[in-house]
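Encoded as structure tokens, the structure appears first; notes follow it.
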Amino acid sequence: MDAEAPTQLEKNQTATVPRQETVEGGSTGETAGGGGVAKVAKEQDHDAEYHPPTSYLETIVHLFKGNIGPGLFAMGDAFKNGGLLVAPLLTVVIAVVSIHCQHVLVACSKKMRDLKGETVCADYAQTVEQCFENGPPKLRGWSRTMGRLVDIFICVTQLGFCCIYFVFISTNLKQILQAYDIDMNVHVVMLLAFVPVLLSSLITNLKWLTPVSMFANVCMILGLAITLYYALKDGLPEVEERALWTNGSQLALFFGTAIFAFEGIALVMPLKNAMRKPHQFERPLGVLNVGMFLVSVMFMFAGSVGYMKWGEQVGGSLTLNLGDTILAQSVKLMVSAGVLLGYPLQFFVAIQIMWPSAKQMCGIQGRSLLGELGFRTFMVLVTLAIAEMVPALGLFISLIGALCSTALALVFPPVIELISRSELNKGPGIWICAKNLVILVLALLGFFTGSYESLKQIVKHFGEEEVH
């Protein structure tokens, strides 16, 4: 039996079902407790009705959407700060390191699963906790703290994305309405966006969320395709007219933007555990490599073409360079729809972590679909309220992201690999130490550059408000 075949559903989603082994087709084996096999099979079938496993293609759709957001259209500005030669090279390096760290997380989770004799790979936080539990004696006391810290970082990051999505959608829709002489307050537009966001967020599993993510991907790809067509239709300037590299401060801006563009590691374990055949996730031509390759190509293409076409005048979003035309409005509408329908996937990861604890606090026993829908509604309202009330929200989220995103993407994976590879009276090896040290240095660069630029922008923003 394939060691990964039993995994059909997320660990948190199957918390109420006794552990059992299943083959890839989904048949139920005998449970460890003996007896009650029929009851367990019935519960498994009932659970599968709510959380059917996803296929290879469906998982790629989710991975793609989880990594493609408003940042895609900001890559032209990022390449302006990096230079036409340096930016693509650094983008490749950052992409390779980020994807490697995601593979490290999967490998550590599998190692902990085998060590504990379990059938389901643990999620990110549980993997970190288990690595510390089974690591050197001096680190074992930190296991629970580290696990909780990862959960907090994931929830802050994912819900932060959700808040920013509200701001992004309402700002773009307001601009579209203004083009047709309809003046509406941005806060009112945000309230109008709440209804479709809420309806899509009430989808409780990844299988049923696939059409939503697929439509969101189509919107984002079409929006980018129209933008690139507009950029390429009259040809591009000569390469000599663009900077091949830039100075240190501009490069720091590029680095800060690019390193956070690949922060999709929080989705890795939920997507793997939701697959019908989880071993297809991390293999050479599996979901992770293929999906992230496509994401990286899109980032590279958007950044290089955007900067080549508009040079120093490239906007913070490529749509700003299209002018006030019907074409520009259609792209803004497509991108807004793509971002709106990307909200439930980012939201899903945070809810998967928060709902079991919320259910326990409320004394809810067993599966409660009504309770989960109520909790989801409440959390969507919380993200809406934060988006409505907090001034300069994007700047604060960027500052939080500089810490949380970098830690999740580039700090915890090398740390847990060093711990899991260590043996009694023997270190993890020179190659593993050297490789992970380089990744941690990259993470520190991301942390300091992102934090510095975010703080600078916050000070600048509130300084300008005081002047006015």
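Our numbering is plain: 1 for the first residue shown, then up by one each step along the chain.
In case you wondered, yes, glycine gets a Cβ from its N, Cα and C as well.
If you look up TrEMBL, you'll see 1-45 marked as region 'Disordered'. Taken from TrEMBL, the feature compositional bias 'Polar residues' covers 9-19. Look at TrEMBL and you will find 26-37 tagged as compositional bias 'Gly residues'. Feature annotation from TrEMBL assigns domain 'Amino acid transporter transmembrane' to 54-454. For 85-106, 149-168, 188-206, 213-232, 252-273, 285-306, 326-349, 369-387, 393-416, 428-448, the entry in TrEMBL reads transmembrane segment.
Annotation: stretch 326-349 has the most Cβ pairs under 8 Å to the transmembrane segment (149-168), among 188-206, 252-273, 285-306, 326-349. Taking every listed stretch (188-206, 213-232, 285-306, 369-387) in turn, the largest tally of C-beta pairs under 8 A with the transmembrane segment (85-106) is reached by 285-306. Tertiary neighbourhood of the transmembrane segment (326-349): same-chain residues 62, 65-66, 68-70, 73, 154, 158-159, 161-162, 165, 168-169, 172-173, 175-176, 179, 193, 196-197, 200-201, 203, 206, 209, 212-213, 215-220, 222-223, 226-227, 230, 266-267, 270, 319, 376, 379-380, 383, selected by CB-CB distance under 8 Å and a gap of 6+ residues from either end. Simply put, out of 213-232, 252-273, 285-306, 369-387, 428-448, 369-387 has the most Cβ pairs sitting under 8 Å from the transmembrane segment (188-206).
Residues of the same chain lying 6 or more positions beyond the ends of the transmembrane segment (393-416) and with a Cβ under 8 Å from any Cβ of it are 97-98, 101-102, 104-105, 108, 124, 127-128, 131-132, 146, 150, 153-154, 156-157, 160-161, 163-164, 167, 256, 259-260, 262-263, 265-266, 386-387, 435-436, 439-440, 442-443, 446-447, 450-451, 453-455, 457-458, 461.
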